[in-house]
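Peer 1: So TrEMBL says this about it:
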- 35-45: compositional bias 'Low complexity' (COMPBIAS)
- 62-75: compositional bias 'Basic and acidic residues' (COMPBIAS)
- 103-124: compositional bias 'Low complexity' (COMPBIAS)
- 288-300: compositional bias 'Basic and acidic residues' (COMPBIAS)
- 344-375: compositional bias 'Basic and acidic residues' (COMPBIAS)
- 142-356: domain 'Pre-mRNA-splicing factor 3' (DOMAIN)
- 380-510: domain 'Small nuclear ribonucleoprotein Prp3 C-terminal' (DOMAIN)
- 27-124: region 'Disordered' (REGION)
- 193-216: region 'Disordered' (REGION)
- 279-310: region 'Disordered' (REGION)
- 330-375: region 'Disordered' (REGION)
Amino acid sequence: MGRRGRRKVPLSAYAVQDKLAEAKARVAKLTASWSQPNQSKAPSAPSAPPQTPDLSTSIAKSRAEIARKTHEMKQRTQSRINPHLEANRTDTKAPGSGLGTTSHPLLANASSPASPASTKPAAPKFTSVKANKGAAPAASANPYLQAGDANEVPAKRKRQMVFSRPGKYIAQADAVRNEAKLEELKRKIDENARKAGITGESEAASERALKRPPPPAVEWWDQPLLNNPESYPDDVHNDSKIHSDDSLITLYVQHPIPIPAPHDRSKFAALDMKLTKKEMKKMRKQRRQGELSDKRDRIKMGLLPPDPPKVKLSNLMRVLASDAIQDPTKVEAKVRKDMHKRKAEHERANEENKLTREERHEKDDSKRAENEKTRGTRAAVFKVRYMNNPSHQFKVRKNAQQHGLSGCWLQNDKFHFIYIEGGEKSVRAYKRLMTVRIDWTEEPRGGTDNQDDQGEIQQQQSLADNYCRLIWEGPARDRLFNRFLTKEMQSDREAKEFLGESLANYWDTAKVHTLEE
């Protein structure tokens, strides 16, 4: 079986030739039998005249039969070559196998001369792009396209170097100037005609309005360098003004004064990189090692005297072996004296490096300002029910000042309102003071009774139910107070006017919190 299930039929050229020879012999035999008289019968017996058949009709039928069989054989051969083509499809059945099998067309045409049609390649069995391309219909002729331009590819031209001849652009400039003079003359003629009463404007005047102004006779940048600022030809070889003392052209180059850019003024200085404790120790160790190695190198070169030995009581015998054996009491006294001297120098250096009280406060303030600048300003609102203990009053004011906080303390008969603002670290410390460190139920040291100016004893209010609550805490846009203030408020209206629109709502919140309790 083949690729597509068709049985391969063996073809024989000799079988076709034998059939053709057999058919030809049969035709010749019939022709000879019809042309010869019948001699087998007796001459004496009378016989009827023989019926002569139509010879031409029989021969025509035989030839038609041979032509029909030959045509069928050719169609079967073409269908074997490519049965998928429409022209090779036949309705006749395929011949059988054995002796009835037709020969291959190549073997059948081996003895006959090859015709031009047989030399063409066989048609493809399957449709393909190349087959479709070859069988594509001819394109319709375009009457607007020349026959030779359809497939021609324009050749790439190499641009040659063309030099302008000397005086080309000078001649063009002269032509423009002459045209300008002519236009000026026409303008004067039109103006005179208008003054004379001749109305209407010529075509030349209307076209002049659309033309560009002519180039000047002398450019403005060349006028200071020419003796005659009206034309160039007069001063072509005259450079007296160029090489004069007051000439604009000199051998010096003028460098303008650099002006800082506007964006450079708004640049911020780079902040110092913050090191961790471990990194600070490492840097200090490296710095001290570098200083020590530099000092040792100077001592080796003789630039510095060597340091005296650092003698202690523990290494006395190892450092001063011979001297200690001769006079141990004297050596011990000297060693103790050196030890006290080194200790005094060390303490003196520490005192010199120690910051004063003002410097320490300034350092703390700068650190708080830096913290507030980097992390922003925070604020908090506290409400205290009673503030009868003087110790509590002192702690509230003093800690606010020490932490660099600003705000206000509003005293009222119903409650006490405290508002503070500052850096995150300071607010956190003050919050811990108000909510954790201070015992608000602690009674004053003098007891609950207090004596006024007239000597009368006044009963103070008990602090057993006293408390401090954090009403609000969060970021603030900016500070609203310059320092920590203490005010006594008689009414809610007075307190709200002092606080302003931005803080009045906190007073209402604290008051509602009081009513709920």
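For all residues, glycine too, the Cβ spot is worked out from N, Cα and C.
All TrEMBL annotations are machine predictions without curation.
Note that the structure is predicted; figures quoted are calculated from it, not measured.
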Peer 1: Determine how many residues of the domain 'Small nuclear ribonucleoprotein Prp3 C-terminal' (380-510) DSSP places in helix, in strand and in coil.
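Peer 2: Counting residues per DSSP class in the domain 'Small nuclear ribonucleoprotein Prp3 C-terminal' (380-510), I get 42 helix, 38 strand, 51 coil.
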Peer 1: Give me the DSSP three-state residue breakdown of the region 'Disordered' (279-310), ordered helix, strand, coil.
Peer 2: 22 helix, 0 strand, 10 coil
Peer 1: Could you count the residues of the region 'Disordered' (330-375) that DSSP puts in helix, in strand and in coil?
Peer 2: 43 helix, 0 strand, 3 coil
Peer 1: Suppose you look only at the domain 'Pre-mRNA-splicing factor 3' (142-356); what would the mean pLDDT be?
Peer 2: 82
